[in-house]
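Positions annotated as active site, tele-phosphohistidine intermediate by Swiss-Prot: His259. The CoA binding site annotation in Swiss-Prot covers Thr20, Gly21, Ser22, Glu23, Lys46, Ile108, Thr109, Glu110. Per Swiss-Prot, substrate binding site is recorded for Tyr173, and the stated evidence type is sequence analysis.
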Amino acid sequence: MTHMSIFLSRDNKVIVQGITGSEATVHTARMLRAGTQIVGGVNARKAGTTVTHEDKGGRLIKLPVFGSVAEAMEKTGADVSIIFVPPTFAKDAIIEAIDAEIPLLVVITEGIPVQDTAYAWAYNLEAGHKTRIIGPNCPGIISPGQSLAGITPANITGPGPIGLVSKSGTLTYQMMFELRDLGFSTAIGIGGDPVIGTTHIDAIEAFERDPDTKLIVMIGEIGGDAEERAADFIKTNVSKPVVGYVAGFTAPEGKTMGHAGAIVSGSSGTAAAKQEALEAAGVKVGKTPSATAALAREILLSL
């Protein structure tokens with residue numbers, strides 16, 4: 001049986017920008033083991049060389065390193081790129097991918113200056129928004145049993161009926177672990193920066209349309225109004241059950257909590273305000289990640 005998923009499937013051909021770096025080397029190996037079709041990488045200084053990895057079956061393969069995203073796409077037919085370049089070079093790498101019109105771009109890099117991200121997003125919009133960006137500062141996306149574009153551990157769970165979208169990487173992994181026997185269509189870590197490419201709403205809208213996703217789990221956190229906006233969207237556009245969790249109930253006001261975007265100012269951005277908005281939209285909100293997983297399990301088994 002083929003499972004559906006959103007944004008990423010086993011058919012996607014993936015390249016890695018910065019493939020020769022140490023982080024990229026580790027995660028390229030892991031992605032290949034997870035079944036991802038990695039077809040090459042990009043590093044302008046090492047164009048024309050190859051990097052050697054093992055494929056899923058343990059056979060050694062040589063992946064070509066290209067001078068640009070455009071060249072890599074032209075030679076391999078790649079339609080997904082993952083950015084593993086240091087923060088200083090990230091903006092240029094993102095712009096290069098947008099110029100090449102790659103359909104999906106996953107930006108793992110943490111610590112990209114917000115003005116660089118904002119510039120790149122505006123640039124993408126002006127270019128006609130041909131590239132869906134996930135991230136930055138995120139674990140990426142996994143469609144279990146099919147493909148992994150990012151750093152999410154691929155062996156936690158298999159394919160199943162739950163769609164997960166989360167601002168937090170570690171809470172993504174925990175939720176997948178708690179519901180591992182049920183499985184996931186796709187799990188997306190959208191990142192915790194103040195400016196991100198793919199939002200809760202983008203993912204929820206796609207899960208609503210995906211025939212194999214029966215239940216949606218969204219994990220938010222304090223700061224900003226993304227969860228409140230998602231609640232408004234869910235109220236009018238989503239027929240599937242949604243379960244939510246908001247990280248940061250104990251956060252003091254005015255202090256950034258782990259993520260640059262996780263900051264409470266006044267009553268704006270508090271976990272309580274977000275929980276209230278979500279519950280008003282019919283979302284069942286758990287007090288802890290484990291309680292949230294239990295709610296999801298209960299609802300899924302009653303469908």
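Cβ atoms here come from the backbone N, Cα and C positions, even for glycine.
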Run through the Cβ atoms and count how many others sit within 10 Å of the one on Thr109 (CoA binding site).
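For Thr109 (CoA binding site), the count of other Cβ atoms within 10 Å is 24.
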Using the structure shown, find which entry in Thr20, Ser22 (the binding-site residues) has the sparsest Cβ neighbourhood within 10 Å.
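Fewest other Cβ atoms within 10 Å, among the binding-site residues Thr20, Ser22, is found for Ser22.
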Have a look at the binding-site residues Thr20, Ser22, Glu23, Thr109, Tyr173 and say which one has the shortest Cα distance to the residue listed as 'active site, tele-phosphohistidine intermediate'.
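That would be Thr109, nearest by Cα distance.
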Can you give me the same-chain residues 6 or more apart in sequence from Ile108 (CoA binding site) with a CB-CB distance under 8 Å?
Glu23, His27, Ile82, Ile83, Phe84, Gly135, Pro136, Asn137, Cys138, Pro139, Gly140, Gly150, Ile151
When you measure from the Cβ of the residue listed as 'substrate binding site', which residues in the chain that are at least 6 apart have a Cβ under 8 Å away?
Pro139, Thr152, Pro153, Ile156
By Cβ count within 10 Å, point out the most packed of the recorded positions listed: Lys46, His259.
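Per the Cβ count within 10 Å, the most buried is His259.
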Which residues, sitting 6 or more apart from Gly21 (CoA binding site) on the same chain, put a CB under 8 Å from its CB?
Phe84, Val85, Pro86
For Glu23 (CoA binding site), list the number of other Cβ atoms lying within 10 Å of its Cβ atom.
14
Check the DSSP secondary structure of Glu23 (CoA binding site), expressed as helix, strand or coil.
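Glu23 (CoA binding site) sits in a helix per DSSP.
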